[in-house]
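Beneath this line is the structure, given in structure tokens, with notes to follow.
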Amino acid sequence: MKYSLNMLGEYVNGKWSEDQVEHWLQMLGLNPLFTRKNNDVFIELEIPSNRGDLLSALGIIRALTPYMEIEPKYPDIDLQEKSARKLSVEIESPDDCFFYAGRVIESVSIGPSPEWLRERVESAGFRSVNNVVDITNLVFWEFGQPLHAFDIDLLKEKIIVRRAREGEEIITLDGTKRNLCNDVLVISDSEKPVALAGIMGGINSEVGPNTKNLFIESAFFNPVRVRRGAKYLGMCTDASARFEKGITPSLIVPALDRCCWLINKLCGGSTGPVCVVGDIRAEKRVIRLSMEKISNYLGCEIQKDFVITTLERLGCCVERQDDIMEITIPDSRNDIEIDADIIEEIAKYWGYDRIPESMPLVCSPTMSSYEYSRLDALKDVFIRLGFSEVINLGLGSEFQYEDTNSKSIEIINPLSRNYAFLRCSMIQGLLQNIQDNSNRKVDMLSIFEIGSIYKKTSSGFDEKPSAGIAVMNTYNLYYFKGIIEYILRKIGYGITSQRIVRKEYGRVIEFLQKEDTVGRILIPCDDILKKYDVEKQEIFLAEIMLQDFVLNGFSEIRYKEPPRAMPIRRDLSLIVPNSVDWRKVEEMLLKSIPELEKIEIFDIYIGRNIPAQSTGVAIRMFFPNPESSITKQDIEHIIANIIEIMQKHFSITLRQ
Amino acid sequence: MSHNEILENLDNIVKQAICELQKINDHTAIEQWRVKYFGRKGLFADITSAIPHISPELRSETGKKINTAKKQLMQMFEEKLGFLKNKEASDTDVNFTIPGIIPDVPNLHPITLVSREIVGIFQKLGFGIHVGPEIETDFYNFEALNMPENHPARDMWDTFYLDEDRKLLLRTHTSPVQVRVMQKLSPPLRIIAIGKTFRRDAFDASHSPVFHQVEGLMVDKNITFSNLKAVLIFFLRELFGSRVRVRFLPSYFPFTEPSAEISISCVICGGKGCQTCGNAGWLEILGAGMVHPEVFRKSGLDCKNITGFAFGAGIERIAMLKYGIDDIRQFYLNDKRFIQQFG
Ligand SMILES: [Zn+2]
């Protein structure tokens, strides 16, 4: 709905300035947009979804009244009933239509609207159709009560307000054929639907150039019913938007009467008595409120005079009972339900900017949840390791690279196939990041992402925190593996075993904590590299499940005094057959050589000078030697022993 | 030459030699200098050859003086020579004009950076940080926030649903965390929640189906609208600088009453009007309000004795204004050249 300033000005006694109106609308939070056109100003407003009353000229005027010094002026109604003709109306489902009113008008002449009317409906945002339709729209614009005109000669017998039956259809005024269902409320005659109640009329009862006799409808349809019907049909009209928010019961008949009066004035004809079914719900809404509550809520004193004047100018009736005001709310304001709603009205007209600021007193601070602080701190661990953070949408086309027994969750109303699934692994997003960066000629990348992954489980949907890590040309496999192992240790995971799994998308090293896979490294196969257009790059990915970490936090830091004695250190360069499980080597050496404290790997090489199916491993061994009792000869002996054990049990040889 | 003449001559030679040496700047010149003074036919050879001609008792003294002067000059000569050598070596061994190699410094995503800044401000005020699930139920996302089924306000959030009954969805805002926290903790409480939210909006420069929000909630006896204003003005001035002006206007959210829309004076033009603020001079930055009693009730709190305020803002929007990013899609391209700018 559009509002022209000139037209709005016809509904007040006196003059206002454009600047005033703009300022007032601004103060009400309606974000007015003023556009100047042909000596007039057109106002577009953002109407909140609870303010159906503002979808009408009189509603807007009413909302401005507390600011104005001039008074609102109501449209004239001077209807004479000159015929006795009525139409029978039945409401089949009273829950869907609370009230229905209508009048028959006989012998009208349909034609184009006079210039003043055409101009008015057009500046209100409607298309001018003919004099009768234009009048219904003008009155709708004024009162916010949607009206509909039927050609009564096209109606069979009577009006029935009922749910559509499955399989029924109707061609609406926009020329579209609509297939109806039981969710949709229709106006029908004794044979067929003739209009979608509260949404749009049907072409089979349309008022055209040859129409002689009219039936004008003004009703109160259940907002939920109109909303559901419009949703089902995928329609949104001015009328449905208005009905969805609940119309003003006390304006149903006045709007009908003004419409009929204007039709008689412009198109002739004689109007019959009002046909009414149902009962206008005339419950009086009274809200009790004290001045104290207002100041406690807003944190400032507002004068009682201001409160009462404002409410009265909004159409409320205020009765003073000692300190407690009893406020009767006009039925146009169905958004005002509780005392806080009234406080908002008062604050609005007082002006939010006039309410002073005051810092709340310190109450006991609230603790943070571990989930936030731990995941946030983990980001710093990655940063220290040289990884940059990425954030992916987490939506995509069907996800792969998941573990076998999970299924990704599908959105039932996705934007497009490309964003129809929730990720169940971090891998896909990171591969995409690698491809995108590689395409942009970035040749080295170390990235991580911390976020949720989602899976379908037998009991429902599961959302878990996860970390994804990816490198391109920055680390070889062993350094990357070392980083992952460091993080697993840092976040308190005791890895009990690891498992190598071959998948169609590559090889996977799984890290297990007891039975659970808590981390995985993926070495993507050539097909995947080709798919992402990064065949020539050295790429590794990993994923770490963070659920246990969120519960338990980082591994505890416990100080241990470094040994005071100078340790003895010896390095060896080995050739290790790939069939050897290195953890077994370490295990055996530590068991058989009591003097040996630990073994560190400090370099790994493959390729040149290393036999096939073998890996070059440089190890560093530490012997604590607390009493300086190990002699040079002893250590030579121990080393010889170590070499022998490795040779004998694992066929490990020294590298020349 | 007499003894005195020799000494006077020596004095002049030394002065001249020092003076000349100081001006020398290359190897050729210093070699010429050496020949001139210490060459076989140099000035010192000259002066030394005069010694036999003076009286014998003064010879040794004159000789000593000549030697001392010679030593002094030779030392200066060596120093200069060393200096010239170093100078030439450093000029040719290393090219200092080539720029240094800047390391590949790891960076946090700007969304994390802005989130941390926001968290830091609210932690000063004693707020705790909480999170909630991204897959939410209709109850937490709508119903508990005073939007029963078929409530027209639900249209304000275009929603992704995960089941046919439309009971499971991707949260459209972080407000459900308010309800979850109030169910778990009792007042007084002050929290913020940060996280991913989802709306069924197609991508464009200012919309993304996935974005981040920060949500705040403070509940206690006697919390007022005036408290809300003070906390949010503090927050916005900490975030955008103390000179920023803050405007509160009425708004509508089903879960707050009164509700407010909060704008700051445009950080680009300072309020004069520019493209970023649509010539209005103001930028909408927060939605806020006093917690609706129905939300307390749905969270299981007795609303008779407590009041509270809540607010929410988009992290991307704040980051865009802070860093001058004009397209929200940049956040999700994860271009290294983008992320690296925020180090
Ligand atoms: Zn600006």
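Placement of Cβ uses the backbone N, Cα and C atoms for every residue, glycine included.
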From the candidates A:ASP335, A:ASP353, give the one listed by TrEMBL for the same Mg(2+) site as A:ASP341, A:GLU344, A:GLU345. A:ASP335
Given a 10 Å Cβ-Cβ cut-off, pick out the one of the binding-site residues A:ASP335, A:ASP341, A:GLU344, A:GLU345 that has the most other Cβ atoms nearby. A:GLU344
Helix, strand or coil at A:ASP335 (Mg(2+) binding site) [DSSP, three-state]: coil
In this predicted model, the domain 'B5' (A:282-357) has a mean pLDDT of 93
